[in-house]
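Q: I grabbed these lines from Swiss-Prot:
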- 30-830: topological domain 'Extracellular' (TOPO_DOM)
- 61: N-linked glycosylation site (CARBOHYD)
- 73: N-linked glycosylation site (CARBOHYD)
- 94: N-linked glycosylation site (CARBOHYD)
- 112: N-linked glycosylation site (CARBOHYD)
- 127-148: repeat 'LRR 2' (REPEAT)
- 207-229: repeat 'LRR 5' (REPEAT)
- 229: N-linked glycosylation site (CARBOHYD)
- 252: N-linked glycosylation site (CARBOHYD)
- 254-277: repeat 'LRR 7' (REPEAT)
- 279-303: repeat 'LRR 8' (REPEAT)
- 298: N-linked glycosylation site (CARBOHYD)
- 305-326: repeat 'LRR 9' (REPEAT)
- 338: N-linked glycosylation site (CARBOHYD)
- 378-398: repeat 'LRR 12' (REPEAT)
- 399-423: repeat 'LRR 13' (REPEAT)
- 425-448: repeat 'LRR 14' (REPEAT)
- 448: N-linked glycosylation site (CARBOHYD)
- 449-472: repeat 'LRR 15' (REPEAT)
- 492: N-linked glycosylation site (CARBOHYD)
- 493-514: repeat 'LRR 17' (REPEAT)
- 505: N-linked glycosylation site (CARBOHYD)
- 539-562: repeat 'LRR 19' (REPEAT)
- 586-610: repeat 'LRR 21' (REPEAT)
- 719: N-linked glycosylation site (CARBOHYD)
- 831-851: transmembrane segment (TRANSMEM)
- 852-864: topological domain 'Cytoplasmic' (TOPO_DOM)
C-alpha cells in the first residue's frame, strides 16, 4: 500500500515535469510572481487579479516556485496558470478564470475549493493541453453529467494531460462519455475518487495514453479487452478496485515500466511474457486471487524488473527458483502465498541487489534461518512476521546493511541476542508478539545504538525498563511485565516522540517531561500521584492516555498549552475536580474520557449556553458525581459530531510519528478507548475518525434531555443511563440515523416511546428499563426485537416483547397526540445557536413558531 502511494506521488511529479517542459518556445517564459503581473496585457493582468480576489489567498505561499503565471510572448495573453495550496473559496461558474481563452496549461492543485461541483465552463477553455485539479475535495460531477457527455471536457480536444485525482467524484463512467473523445490524451489520472462502474472498452480509443491511473475507485467487472490498444502506455495503475476475471491482456503493452493491479479480484496465472518486457521495472500484483506457478523465461536474466510484489495470492509450485532469474530485483514481496511446503531462503542467493524482502505468513525452512545459510548481503529490510519461527533467525547476523527487521507474531522464546545490537545500520526493530523475556548481555548496550524505533509489545519482559538509545524516536512495550518506576532517563531522549508503556506494572509517579512527547500512553499500570502540571507553551502533545492507574489531584491546567491535543483519557483513576470547561479552548480535541473518577458539579457552562468542544467526537464522563441539568442548546456547537458518518473523510485516528524520508517503513500510533456499547464493556483498539459516542451514565444529572441532541447525526452510541433525567424522550432522536446503541435505563423518563425510534435502521440495542414510560412499545420495528429486560420496570408499558398486552390491541395507541403536544419541543437548535447570546428567549420563541408551522422547510434551508 505504501508503495502505491509513493508511485502515485511519482506520477504527480512526472506530471509537473511535463508541465515544465511542454511550453512552446514562442511563449514568454519569465515567470510572473503571484503577487503581481508585469509582462501580460493590462486587461489580462486585471482579469488575473480579479480571479485572485474571488478567493481567500491569505495562506498562499508566494515563494512557492510552482505558483505563477506565464504569458504568450507575442499576444500577452495568459497561457499558463499554476496555483497550488493557495485558494480558499467557491469556484463559481462566472469566475474570471473562464475568460482566459488562450490558456494552454492550468494547474489548480491542493486548493480549498468549497464548491461541491466542477463548473461546466471549463469546457470553454478549448485550447487547454493540460488540466490538473487533483486534491481539491470536489464531490459532485452531477452538473457535469458524468454518466453522459461530461461537459467538463466536451470541447477540450487538444487536452494532453487531465488530472482529477484525489477528489470525491462519484457515479458511473458511461461508454458515451466525451472523455473518450480526447484522442490527444497522454496522461489521465482519476485515482482516489468514488467512481463505480465497469471499465468502458472505449478506454482503448485513447491510444496515445502513456500514463493511466484509475486506482482507488470502485471499478468492477473484467478489465476492458481493448487495453491491448494502448501500445504507448508506460505506466498503468489499477490498484484498489473490484476488477475480476483473468489476468488483463497486456501482452502488447511492451513499453510498460510500471504495472499496478494490486487489491483487485483477478484470477488465473501470471503470464510469463511480463518478464520479457524490456522496460518493466515495477510489477505489483498483491492481494488478488492469482494461482498456479511462476514461469520466468531464461531470457529474463536481462530483465530490468526491480520491484515485484506478489503477496496475498495463491501461488503454487516452486516459487523462488524462477524468481532467482530476475537478478536485478531490489524489492520482493511474497507474503501470505499459502504455500504447502517450507520455503528455502538460500534460493535468493543470486539476487545480489535485493534490499527488501517480505516473506510474512509463509512457512520457512528452519535450516535456511541458521547462520550458515545465505541471503543477499545487500539486504536492508526484512519482514518475517507470522512465519512460525521458534528461534531467533541467526541468518541476520551477517547483514551489515540491515536497517529494518520485523519478526513479529512468531514463537521465539528466550533472550534477544546481543549481536543484534552490533549491526551498524539497524534503526527499526519490531519483535512484538513473541515470548522474549530479556536481553543477552547488559541492557546498557542500547544507549549508543542508532535504533530509532523499538517495538517490544506482547512479550514476557519483566523487571526494570532498559535504558533507551539516545537516538530513539518511538518506543512501545505494551503488554509486558515491566516493574519499578518509569526511568527519568526518558526525559533526556530529545528525539523521543512516542512512548507507549501501557499494560505493565509500573509504579510511582509520572515523569515531569510528558510535554516533550507527541504520544504518551501509560494506561493500565499502577502509577500514583498527580498528573504533572508541566505542559509548556506550544507543546506538540497530541495524545495522552493515563487511564486505569491510581492518580489523584486535579487535571493540570497547563494542558491548555497543548493546542495540538486530540485525545485525552484519564478514566478509572481518583482525580477529583470540577468539569474542565477550560478544555474547550483546545481546537483539535476529539476524544475526552473522564470515566470513573471523582469529578463533581455541573457540566453545563456557567452561562447556561452551548458546551464548547467543536471537534469533540467521543465524550465519556460516566461514573462520576456530576449534577445539574443540561440547557436546551447544550449540543449545538458540536460541529464534528453533527457530521454524517465518514463525512470528515478519515478512517481511523492514526498518527504517523516517524516521517523521515529514508524510512523503509512508516510507524503509526493508534488510540485505544473503553466504551459501554450495546450493553457491553468493550475495548476499541482502533477508533474510527467518524465514530461519535456520548456516555453520561452513572451520574446525578437531571431535567430534560435536550432536543439539540438530534443535531449529532454521527452518533453511534449514546448512554444516558442511571441518572435522574425526567420528561419525555426527545423526538429528535429520530434524526440520529447512524445510532446503533441507545441506553436510557434507570432514569425517570415519562410519556411514550416515540415511533421515530423505530425508523433507526442501524439501532441494534436499546434499553429504557426502569423509567416511568407508558403506552405501547412501537410494533413492527427493530425495537420489538429487543430482549424483555430492555423495557422492564415501566409499569405503564405494554406490547411485545413484554408479556403485558395493551388494553385494546386492535386499536393502535394514540401517540400522535403526544407528539403533537411535543412538537413545540422539536426546535432546530442550529437556528437557536445563531442568535443565542443576546436574545435566547426571543430566538427560542421564533424557532418554536417556525418549527411548528413548517419544519420541513426550515430543515431544508438550514441543511439538516
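Every residue number used here counts from 1 along the chain in the order it is shown.
Here the Cβ of each residue, glycine as well, is placed from N, Cα and C on the backbone.
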Q: If I take the Cα of residue 112 (N-linked glycosylation site) as reference, which of the glycosylation sites 94, 229, 448, 505 has the closest Cα?
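A: If we rank 94, 229, 448, 505 by Cα distance to residue 112 (N-linked glycosylation site), first place goes to 94.
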Q: Return the average pLDDT for the repeat 'LRR 12' (378-398) as a whole number.
A: 94
Q: Who sits close to residue 505 (N-linked glycosylation site): which same-chain residues at least 6 apart have their Cβ under 8 Å from its Cβ?
A: 481, 482, 483, 525, 526
Q: Could you round the CA separation between residue 73 (N-linked glycosylation site) and residue 94 (N-linked glycosylation site) to a whole angstrom and send it over?
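A: One finds 28 Å between the Cα atoms of these residues.
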Q: Pull the DSSP breakdown for the repeat 'LRR 12' (378-398) and write it out as helix, strand, coil residue counts.
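A: Counting residues by DSSP class gives 5 helix, 3 strand, 13 coil.
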Q: For residue 719 (N-linked glycosylation site) and residue 492 (N-linked glycosylation site), what Cα-Cα distance in Å is obtained after rounding to a whole number?
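A: Residue 719 (N-linked glycosylation site) and residue 492 (N-linked glycosylation site) have their Cα atoms 43 Å apart.
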Q: Residue 719 (N-linked glycosylation site) has how many other Cβ neighbours within 10 Å of its own Cβ?
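A: Other Cβ atoms within 10 Å of residue 719 (N-linked glycosylation site): 24.
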Q: Does the repeat 'LRR 9' (305-326) come near the repeat 'LRR 12' (378-398), with 3+ Cβ pairs under 8 Å (pairs 6 or more apart)?
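A: They do not touch: fewer than three Cβ pairs between the two stretches lie under 8 Å.
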Q: What are the DSSP helix/strand/coil residue counts across the repeat 'LRR 14' (425-448)?
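A: Helix/strand/coil tally for the repeat 'LRR 14' (425-448): 4 helix, 8 strand, 12 coil.
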Q: List the glycosylation sites among 61, 94, 448, 492 whose C-alpha is within 10 Å of the C-alpha of residue 229 (N-linked glycosylation site), in sequence order, or say none.
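A: Near residue 229 (N-linked glycosylation site), where near means Cα within 10 Å, there are no glycosylation sites at all.
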Q: Thinking of Cβ pairs under 8 Å, which stretch from 378-398, 493-514, 539-562 has the most of them with the repeat 'LRR 15' (449-472)?
A: 493-514
Q: 10 Å Cβ neighbour count around residue 298 (N-linked glycosylation site)?
A: 7
Q: Looking only at C-alpha atoms, tell me how far residue 448 (N-linked glycosylation site) is from residue 492 (N-linked glycosylation site), rounded to the nearest Å.
A: 13
Q: What's the CA to CA span in angstrom from residue 94 (N-linked glycosylation site) over to residue 252 (N-linked glycosylation site)?
A: 45
Q: Report, in whole Å, the straight Cα-to-Cα distance of residue 492 (N-linked glycosylation site) from residue 61 (N-linked glycosylation site).
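A: If we compare the Cα positions of residue 61 (N-linked glycosylation site) and residue 492 (N-linked glycosylation site), the gap is 36 Å.
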